[in-house]
């Protein structure tokens, strides 16, 4: 069922438990693979990209909740077999919750921390769902059971508080008043430590009352996150249960705080060194988690004996409030929640490392005595002394009237204080009961309305916050928006919500939704602009990202399962409307179980960033930034030099609407900027409401909406190198494809085999067998003639372009000079490459690979890309040397001070060429002398002629065969282009049956064209070869 490690030692170390949840719907649909295994208390995780190096971790408790369970008739998840390995909610509470409860009853402070990425199961373990109650509600049940069981020996008082920390602001989730600007303040006292000033403490005397307060706090949290434009997965939620136990007979009081903390999602950004943002990362929104990690690391170092100068408790609000839980006066348990899926490997390994550090922390827990009860005891003791004094005065007969009055006044005052302290609890409890009755009446009214009217309920990224807000649509017309002035208005908050956003019309048991001018309304993934009838379970998005599920009249509901319409469903529906889904990213022939995990990660990154992009666009609009954000999938249609698809990534295209300037941000950079935008937006929102002093305009270099301009990769084209292996010249018109498959330009390029002096080789130099190049020198030129139809410059004439490329094993990429303001610029670039001793590696590269020509876009104010010659080798003639494996003996490295060496080598090469010419002339002279001698006799002359003609037959046939190969390779270029077009041709996601038929017809036409081109090329080669063979036989027959 569960694996248990070593028992908790005498010293109060933080106990750490790890729980592995089942696959969620997203992971099941994607065919996720489990990469986590468990043996006893040891957790092992495998890297899906390198299964040979698993990592193992050991913890106090390890819970396997991934598989081996079933659901009983009451809805509880239980092990399939008695004694099975599945750990249910009860077993988790037995190990963790009972220990926390026992510590609290003994008078110790106790803390439970839940940590893990968003969606890893933290909330399920903490709160639970339906009959599967989590640690918090079960702990409350058991607490009040223990109170009732011991009510004869002690009087118990329980206070409940609930708060949220977001962006370093503390929000009281039980507050009855308006939220104060900047949130509640965190104060410090010597006795209490850090505490939240003015945090509401609600007395409770039953578990249902606590559950009602939790529901009230959750409702407040949902409203607050919507109003603040906050992401609930980036906020921390704290529940504080204060337990006071008054033991009358022993005249002592024990007081303990139970802190139940649901930490923010621990998502880890996939970033590389090149994606660092110029603006500081780890903003206030991320500060709490970052500081918590620093505190845990420092305390872990202290535990192993390292000298730590400073533990940064004061660096964030969260760590201030958790100081007693981490290294202080508390007994602490951390539960780390894990996803078992391969696509969550980065987050899971990060969580395990975090938990491993936390288990080393040592606390110093002590039993707590309440200062208030100490005051009661002191007052009683003082009263006893006063009574003794009165008695002594009476016995001695020296009673003074004035002293007696003073003593009786003090006695009466002390008794009133004692009575006030003891009755304060009852008064607080009565007030809380009145609030509870009002809340209960509200809930009863809401349930009655649910059985009478249709309504919309909120859907949140955090499942615990979904379904909390219900907005009822009664008969007639109802305005929905920010305004609440009309009695027939439904007030909502959120980015992009107008004063009057839309109108609901409920007439004759039909509900219609009509968007008003300028408002964004989406129904089932499709924007609407006119009156639309709503159906039961329709999905609504109002404004930027206010998501609601429409629930029809009770007669329409039936037994539908509403749980599948979660936040991911809404975003996936939006993505599908944009043509983005798993099928469009993956090969349509691949089955889900064979889908590349990296593609799944890209898809889920896309749907996760969609609402963030919508919110960023809305903030840009309200702040008048004039910037538009758009999601892109990098490398969607691009491939490497071998023709293999490049790894796909999410990027955000940022466009200035005024001057058409463009940036391309990585996912990590955009997420960081989004947090900074939220801070800026909150400041603007506060100033607009008059709650804060106006700030000076933000400098441009600190503006999260702006960045310095950099060159942008617009697309790439492939120039296949196979013709060079046969020393055949190649001239191509290449299609430059953008990241998403759009045609960015046509590039005219040539590959010209040449001599070392740059003279183009002729047909007589064509090779039939490429292996003849091995060990020999190979020279060729890359010629870039012109770029036509530049879409980048068509969009804005003040732009320019450069072409970049890297040949074989070149140390640095080379770039052409920038050309500006021209849609069809002449490039006229010629680069000479040399392999001094052609290796097998270069030969294989030429026959199987392409030269990737990258098109880079430039903008005014943007620096040009410059070719770096660091580490580049060149010949004295200025030719770039490639194939360094074969060039180590004769290559020279570019050095400004090596002119003498270059001249010497040039002279040596000239001498060598003269020697070769001399030897050739000697050979030719000897041949002519031999021919002259053969003319002396007729018979000898005839034989000599026959031999010479026969010897000239082979070169003639080889030249004809080389020409035939040249024609064949040129025709195969067209075949390759047609094949690429076939690979990119896919049906539209919205295609109906007629559209699919048209697609099949188009696909058939493309296949026919491809087949005809291929057959024509092969047939032409066969005919040419047959003609060459036939001519060879004819000549052989004539001259024989």
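The backbone N, Cα and C atoms fix where each Cβ goes, and this holds for glycine too.
Whatever TrEMBL says is automated annotation, not expert-curated.
Features as listed in TrEMBL:
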BINDING   116, 117, 118, 119, 120, 121, 122, 123  ATP binding site
COILED    376-446  coiled coil
COILED    897-931  coiled coil
DOMAIN    13-361  domain 'Kinesin motor'
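Structure coloured by features recorded in TrEMBL.
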residue	record	Cβ contacts under 8 Å, 6 or more apart
119	ATP binding site	24, 265, 339
120	ATP binding site	21, 337, 338, 339, 344, 347, 348, 351
121	ATP binding site	19, 21, 65, 337, 338, 339
122	ATP binding site	114, 115, 116, 262, 263, 335, 337
123	ATP binding site	114, 134, 262, 462, 463, 464
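Comparing the binding-site residues 117, 118 on other C-beta atoms within 10 angstroms of each C-beta gives the minimum for 118. For residue 116 (ATP binding site), the number of other Cβ atoms no farther than 10 Å from its own Cβ, over all displayed protein chains, is 29. Take the mean position of the Cβ atoms of 116, 117, 118, 119, 120, 121, 122, 123, the recorded ATP site; other residues of that chain with a Cβ within 8 Å of it are 21, 265, 337, 339. Over the coiled coil (897-931) the predicted model carries a mean pLDDT of 56.
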